[in-house]
Amino acid sequence: MRLPPHQATGAKRLFASLPAHSTHPCLPLRSVMAAKRIQKELNELRRDPPTNCSAGPVGDGEEMDIFQWHATIVGPALSPFEGGVFALNVVFPRDYPFKPPNVRFQTRVYHPNVNDSGGICLDILKDAWSPALTISKVLLSICSLLTDPNCDDPLVMEIANLYRRDRAAYNARAADFTARFAVRRTATAALPGLSGGEAMAARRIAKELSDITREPPTNCSAGPAGDGSDLSSWHATILGPADSPYEGGVFSLSITFPADYPFKPPKLRFDTKVYHPNVNDSGGICIDILKDQWSPALTISKVLLSICSLLTDPNPDDPLVPAIADLYKRDRAKYEENAREWTRRYAM
């Protein structure tokens, strides 16, 4: 669900700036309250993501829709879904949290409680929903459902019957679906259309995705963009570091992995505007490990952490924007004032 154009513009900046009793010319009061709650959950999820899960809003900058999210779940270990990376779509109603979010798999899953359309039969998304629940708890419950199906309330009776009758056959079919439809399929072998180098890159990227989902770097999250089918194109989010002029901001980045990764560095670009001597108007980032200091031993997690460090500690001696670098050296207080204003305007 997309916000209408007259609602999308400026909606992202609503949450921190308006008191709970405020009205807004674009969004009704109930939607403003929902947006505040969703933003709070987003911040908490970024700080402490649930195991094997990541999630965040669809879109970037002014076009970001806080009511529609993309989520990723890594298949639980010791299950037929192990090794798979499953994309989900999350839509929050305008009266959230009084009504549950709509959560749907985009990746095909062989499971008695998941139908061909990606619909999920889970009690907390229906009659057992409570406003005290969060999207983090929902994602963890879906992970548990993958490990422990509920055959007493199936969406696909045929699969439920097989699960009860022949667990080994069920596991084999679920594992086959995982191999065929989950993201990891592009990394398991040199598929038709992929050269040896591209297949090697895909395997490496899939491994990094699994690692970053299990153990995300502090204040960062990342995963494949869109429906998760293209491992070479990622979306990342960085929370502005504490005690910096970027504190409180949520910054979106685009990541593109080259076909010869990790021998060549990924390309990263801020989608959110940032006032910084090493970030230009196009979102380009000047950092040594993305240029001459790149090493195949580095990972996207380390790159994101380095960008967080760059926000806290700019390098004015190698600037992309000399005017900002000059202000940083000459008048630190004014630089921080400008950076805070951009953070408030574009990242909140």
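Note that Cβ sites are derived from N, Cα and C of the backbone, with glycine treated the same way.
Since this is a predicted model, take the numbers as computed values, not measurements.
Sequence annotations record features per position, and here TrEMBL assigns active site, glycyl thioester intermediate to CYS121, CYS286. TrEMBL lists 33-183, 200-348 with the feature domain 'UBC core'.
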Mean pLDDT across the domain 'UBC core' (200-348), rounded to an integer, is what?
92
Cβ-Cβ neighbours of CYS286 (active site, glycyl thioester intermediate) (radius 10 Å):
18
Once near-sequence residues are set aside, which residues in the chain of CYS121 (active site, glycyl thioester intermediate), 6 or more away, have Cβ atoms under 8 Å from its Cβ?
ASN113, VAL114, ASN150, ASP153, PRO154, LEU155
Can you see whether DSSP assigns CYS121 (active site, glycyl thioester intermediate) to helix, strand or coil?
coil
